[in-house]
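Here the structure comes first, spelled out in structure tokens, and everything after it is commentary.
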Amino acid sequence: MSTPDPPLGGTPRPGPSPGPGPSPGAMLGPSPGPSPGSAHSMMGPSPGPPSAGHPMPTQGPGGYPQDNMHQMHKPMESMHEKGMPDDPRYNQMKGMGMRSGAHTGMAPPPSPMDQHSQGYPSPLGGSEHASSPVPASGPSSGPQMSSGPGGAPLDGSDPQALGQQNRGPTPFNQNQLHQLRAQIMAYKMLARGQPLPDHLQMAVQGKRPMPGMQQQMPTLPPPSVSATGPGPGPGPGPGPGPGPAPPNYSRPHGMGGPNMPPPGPSGVPPGMPGQPPGGPPKPWPEGPMANAAAPTSTPQKLIPPQPTGRPSPAPPAVPPAASPVMPPQTQSPGQPAQPAPLVPLHQKQSRITPIQKPRGLDPVEILQEREYRLQARIAHRIQELENLPGSLAGDLRTKATIELKALRLLNFQRQLRQEVVVCMRRDTALETALNAKAYKRSKRQSLREARITEKLEKQQKIEQERKRRQKHQEYLNSILQHAKDFREYHRSVTGKLQKLTKAVATYHANTEREQKKENERIEKERMRRLMAEDEEGYRKLIDQKKDKRLAYLLQQTDEYVANLTELVRQHKAAQVAKEKKKKKKKKKAENAEGQTPAIGPDGEPLDETSQMSDLPVKVIHVESGKILTGTDAPKAGQLEAWLEMNPGYEVAPRSDSEESGSEEEEEEEEEEQPQPAQPPTLPVEEKKKIPDPDSDDVSEVDARHIIENAKQDVDDEYGVSQALARGLQSYYAVAHAVTERVDKQSALMVNGVLKQYQIKGLEWLVSLYNNNLNGILADEMGLGKTIQTIALITYLMEHKRINGPFLIIVPLSTLSNWAYEFDKWAPSVVKVSYKGSPAARRAFVPQLRSGKFNVLLTTYEYIIKDKHILAKIRWKYMIVDEGHRMKNHHCKLTQVLNTHYVAPRRLLLTGTPLQNKLPELWALLNFLLPTIFKSCSTFEQWFNAPFAMTGEKVDLNEEETILIIRRLHKVLRPFLLRRLKKEVEAQLPEKVEYVIKCDMSALQRVLYRHMQAKGVLLTDGSEKDKKGKGGTKTLMNTIMQLRKICNHPYMFQHIEESFSEHLGFTGGIVQGLDLYRASGKFELLDRILPKLRATNHKVLLFCQMTSLMTIMEDYFAYRGFKYLRLDGTTKAEDRGMLLKTFNEPGSEYFIFLLSTRAGGLGLNLQSADTVIIFDSDWNPHQDLQAQDRAHRIGQQNEVRVLRLCTVNSVEEKILAAAKYKLNVDQKVIQAGMFDQKSSSHERRAFLQAILEHEEQDEEEDEVPDDETVNQMIARHEEEFDLFMRMDLDRRREEARNPKRKPRLMEEDELPSWIIKDDAEVERLTCEEEEEKMFGRGSRHRKEVDYSDSLTEKQWLKAIEEGTLEEIEEEVRQKKSSRKRKRDSEAGSSTPTTSTRSRDKDEESKKQKKRGRPPAEKLSPNPPNLTKKMKKIVDAVIKYKDSSGRQLSEVFIQLPSRKELPEYYELIRKPVDFKKIKERIRNHKYRSLNDLEKDVMLLCQNAQTFNLEGSLIYEDSIVLQSVFTSVRQKIEKEDDSEGEESEEEEEGEEEGSESESRSVKVKIKLGRKEKAQDRLKGGRRRPSRGSRAKPVVSDDDSEEEQEEDRSGSGSEED
């Protein structure tokens, strides 16, 4: 063994390669993991020995057979004997031996292939059970001690025992092992090209052992010591499987794993650190300190391992300082490996037991394992095929046999293939393989080959050309591709830009949304402050917003309120000055006379005729101080005599509240008058010093005073004391500067006690009196405005000693009610009801002149008519009931009161202060306070913007609307007091209103459709002698005709007459159930009224048209309903009797039939609890007035208001217009909450709710069924059940009738002349138009007098005196005499004509009376009337203003339709003065009223077309007043000419007034017959159309006059 064999027969390669040798054994690569065992050692306990069928050969180190391992140990022993333990080859072989020790006794489990490879040798010829090279995947579980068979720890110093423990019996002895290690070390050094030292050569040859090798092994510590030694390791990890720890082990140099450090600078292996300089060589160091010092001795820097593709396992459980294995230092490429210097042999090295790193993946072993598995599968398949059953099918058995033989041939085929390959390799020579050209033979070129070469060259050129073309094509394709890429790039860029743009837009949208939210938040905050009346905060937010419009509105409001405040101050100062002047004048007169007559309590001298003589005078006993008041006190007229009879008494001094002011107060006021800047003086009670509430000495009175002041601080503008105490000159505080507390009613009021809210109203009225102001008491209808007025009068009489006279102007219908209330509440007040005939009124004149009365009650008509009597009295107070009658500033009543009557204090009573427009409200305020509210245009300019229906340039938003409405509330609040029933009268039952939609009958639908489309009414043709063929009749005022059709089609007389013939009735009148079948509203009444009568509910039924009331009377007679009727023709004295009869507890009348205008004012009908409004009024307040006849104080039951409305008709439009007008009223009046106690927050919340309510949808247009109607009219469940049973009984009864008909008329029941298509109606209409134009003969007209026979005053007088028929007869006789006179004058003017010709003319005139062609001239008017008309028109045309400009210049002639087409589109009836003059010449006007109508129409057209405030608009208003004044002047001149006696004066006045009324009542000649028929109980058809119109006073607005005139046909038909 002189020559050391290289282990495993590998040939060492020279060079610096650090890689392993060519051995394919266990040294194929290092294991990177911490476990030195195989992968099988981590998969659980090792299985038992292999089966007997698979004997395993004896394995040596590294998994090799024992014989191979024996060959490897021979060189190791020789190296050990030669003393070469330091040789690298020795260490390498020793490492191989240690690696094999790790696998000893731990053979891998048999693979699945081993169980089936029965007798088949391995194709590779190696061991079939080589250890798997798979690294351990789990970290170490901690240090474990290796134990022997007895469980005792093994000593690492005994290698033989270690080897036997690890590998079983081994053939190597100790010397052989040393020699093997030396050979391994030598192999390593030779592989690196390093020279072998002598001792290593000797050790390799086995001559002597390596120095230090003998000492190395015994000194090695056991593996447990190194594993558990101290050190700051990273913590224990899960160790490898149950395999024992490896022995001392050192990897060969250059084959270290990735975690091994490089060798040191002295060539010492990593586990053997060099000796420190200057010290002798030491033996093996003991303890871990040497291990810790080992890495510090290497000067090279340690480089961490490079990461690999596999996850590295956790580090071993060895402290880093004690670990002999360090990370390798990666050698940079290109750097030659420097040979390490040899270590001196005598150097003692410290050897530490290394820990085996896990092996890496071995691809050879993986391949082997794959082969094993294939072999196993093949063997398994052969076994399956051999064991196939014999019953298999033939073809399957053949296939299985073929497969079995093929599998058995596999090994033979593999052996044959190997042999063929070996033979082929032997044929290959060494030189041929190295140099292929060495034996190449040169070839000669022949001619044939030259041609071939040429041909090939040509082919080559073609090929080159083809390649060139192909290259060019590729170039073009690349260009196209580039273009495509270019487009794609820019498309992507564009897409990115679009995305960016979208993102920017989204950002801005989000930003804008956020900004909008912020603005909305600020706006809500602003609205909140505005609603809370936080004016300071609101102004700050307005300044932040920079809203010029809102700031401008606030500025305007401040300026306007400041101006009004100043005007109120001036008004009060002027009133005070007047009072002073009057008192001074009276005092001077008394001083001049030198004697003082008897002075009454009011400071006036007393006489027998004084109006103060009947009032009690308060007296006091001088000694006892006893005061006598009321009935115990003496009368004023008997005061002196009573004082003589009762000595010791004298007149009691008047209190401060009773006196209007003493002389000292007058002097103080004179001194204070030149100082307007000072706040108004506080009352005596408020001038007291308010004590400090924090002080201890606060009396009970002072505490109560403090509480009152705190209570007044709650509201903003009603806290007068608080405002004055702060020195704030608020508008309301200035107006109501003087306050007086009223706790109870006057002692003169008896038979009842005022409610608390009525006491508050009285206090407000007294405050108006004390502050010299006038106001509007606008409590809702039914809250007792009459009682509060009587309380004011009695309070003034008792406490202020103002005994009158008081003028109270009321409607005629409520005059009796006022007299009744005075008799009940204040019987001691002397009242005069100024009404009746002229003789009766004249009887009151002496009493009026003497002044022996306190109150005068009269009507609007007598105020105008008897102004020469009533205006002579100086009234202390003027009170106008239903003050909204003065809503037109130009109405006659307002002008007469302003010009003729003297009354320093005025009061208006109205339940509806705002009915249609804001100028109406201004008219009321102007009448009350003309010095404060001067200009209507200014008032409208300030407050009309939110309510203007046309001409509004900019729509106001909600906030601006609230600001403007709030401005109006500020203006109105001092002068208007309004309380609602729901606020002040809690015990008043609820009022519920329902709108019940009614369907139309077939007759109504047909008539309505043609009237709506063409404006014509279908007839049967009888008026044209085409009876039964049908015809049409054109009617004016289509809306009125549509309303009549909706109410009842029989309101048209010819329709009822035709249907009476069609249905078989005689007399032209329809009776029975066909009365209600023709109208949807009547059919609904037929279902409702029996239920109401059965449950004892009294009904008020309001109608607009008197002819409809007549038809309704026929229906009531048919059903047997007891009823009462009240309309405009009912006398005043009869009205009271009707009310009394209806209100009696046991009255048999359960229906009261009233007209809305006549029966809607001042009537107390609280015994009824159901109100049915048959047809709605254009003015919603008329309907509200009508409802409140039942819903007023004294009502005990819940009130149901049922408003009937025909579905899809003009009535829905009327209802919508009424709602709009009510909406205006809500915004202005109700939202102001002028009730003296509502706080600002409540007012703002109410206004906000109104504005939000506008956005709600309207109700659906559907006709309710019986159940829904029953729910509307039933008050409780029992009534509802009863009504449902009644409906069921009614339907059963109708079903039993064999001749039953539908509830409403069907189309198949209509006559043929009604059912016409549109084309036929168009043809009939054209025929009628042609007849009108060309005059085909005269039509038969009924004898109806259309002239104005009586004025309204004459008619009222005749009604009151009961001489209507006689006066009408006289008028007819006068007309006939005038007519004969005109005829005689015409005959005398033509004396040459014969009598015969004159008789013929008269006959022709009589014939022409029946029907005249349109082209024929009208009969001439009286010359006096024509002269008046011309005079009036000329005066209006020539009128000039102060600058000399003629106002009527633009009104003379209108521009043509071509010049101004929009005027004719907007104005339906254009008229000018030229046309008016022409009509006067053609005698078109039959009275001054007709002329006035056209002049007013001209002015209204100008106001409609032109903007408000323009020059033409203002001129038209002036021309209206000029016309009125000129007409009055001319009428007065006529009146003065005929005054000869008082009787004649009365007659002449009534005669002249016949042409001064704006609305005429047309009396038909058949009235007498009608009255007789009604007395007899029968009814003639003309009676339905011969009712007179309700009385409409001429103080109504022009707009309502026109509506009433246009509706005259509806009430007369």
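Glycine residues also receive a Cβ, built from the backbone N, Cα and C atoms like all the rest.
Per Swiss-Prot, the features are as follows:
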- ASP779, GLU780, MET781, GLY782, LEU783, GLY784, LYS785, THR786: ATP binding site (BINDING)
- 1-23: compositional bias 'Pro residues' (COMPBIAS)
- 24-45: compositional bias 'Low complexity' (COMPBIAS)
- 74-89: compositional bias 'Basic and acidic residues' (COMPBIAS)
- 130-147: compositional bias 'Low complexity' (COMPBIAS)
- 231-249: compositional bias 'Pro residues' (COMPBIAS)
- 302-327: compositional bias 'Pro residues' (COMPBIAS)
- 579-588: compositional bias 'Basic residues' (COMPBIAS)
- 658-673: compositional bias 'Acidic residues' (COMPBIAS)
- 1396-1405: compositional bias 'Basic and acidic residues' (COMPBIAS)
- 1533-1553: compositional bias 'Acidic residues' (COMPBIAS)
- 1577-1587: compositional bias 'Basic residues' (COMPBIAS)
- 1593-1603: compositional bias 'Acidic residues' (COMPBIAS)
- LYS1332: SUMO2 cross-link (CROSSLNK)
- 171-206: domain 'QLQ' (DOMAIN)
- 766-931: domain 'Helicase ATP-binding' (DOMAIN)
- 1420-1530: domain 'Bromo' (DOMAIN)
- LYS188: N6-acetyllysine (MOD_RES)
- LYS626: N6-acetyllysine (MOD_RES)
- 837-916: region 'Sufficient for interaction with DLX1' (REGION)
- 1247-1413: region 'Sufficient for interaction with DLX1' (REGION)
- PHE1505, ASN1506: site 'Required for binding to 'Lys-15'-acetylated histone 3' (SITE)
What average pLDDT does the predicted model assign to the domain 'Bromo' (1420-1530)? 85
Could you state the CA-to-CA distance between PHE1505 (site 'Required for binding to 'Lys-15'-acetylated histone 3') and GLU780 (ATP binding site) to the nearest Å? 37
Those recorded positions listed as LYS188, LYS626, LYS785, and which of them has the most Cβ atoms within 10 Å of its own Cβ: LYS188
Between C-alpha atoms, which of these recorded positions comes nearest to MET781 (ATP binding site): LYS188, LYS626, ASN1506? ASN1506
Compute the C-alpha separation of GLY784 (ATP binding site) from LYS626 (N6-acetyllysine), stating it in Å without decimals. 36
May I ask which of the recorded positions ASP779, THR786, ASN1506 is closest to LYS626 (N6-acetyllysine) if we compare their C-alpha atoms? THR786
Hey, how far is THR786 (ATP binding site) from ASN1506 (site 'Required for binding to 'Lys-15'-acetylated histone 3'), Cα to Cα, in Å? 43
Using CB atoms and a 10 A radius, I'd like the single residue among the recorded positions THR786, ASN1506 with the highest neighbour count. THR786
Fill in the CA-CA distance, LYS785 (ATP binding site) to LYS188 (N6-acetyllysine), as an integer in Å. 132
Near PHE1505 (site 'Required for binding to 'Lys-15'-acetylated histone 3'), how many other Cβ atoms are within 10 Å of its Cβ? 16
Please list, for the domain 'Bromo' (1420-1530), how many residues fall into helix, strand and coil according to DSSP. 74 helix, 2 strand, 35 coil
Secondary structure of THR786 (ATP binding site) (DSSP, helix/strand/coil): helix
What does DSSP say about LYS188 (N6-acetyllysine): helix, strand or coil? helix
From the Cα of GLY782 (ATP binding site) across to the Cα of ASN1506 (site 'Required for binding to 'Lys-15'-acetylated histone 3'), what is the distance in angstrom? 41
Cβ neighbour count (within 10 Å, all chains shown) around MET781 (ATP binding site): 21
When a 10 Å sphere is centred on the Cβ of LEU783 (ATP binding site), how many other Cβ atoms does it contain? 26
Out of GLY782, GLY784, which of the binding-site residues is least crowded by other Cβ atoms within 10 Å? GLY784
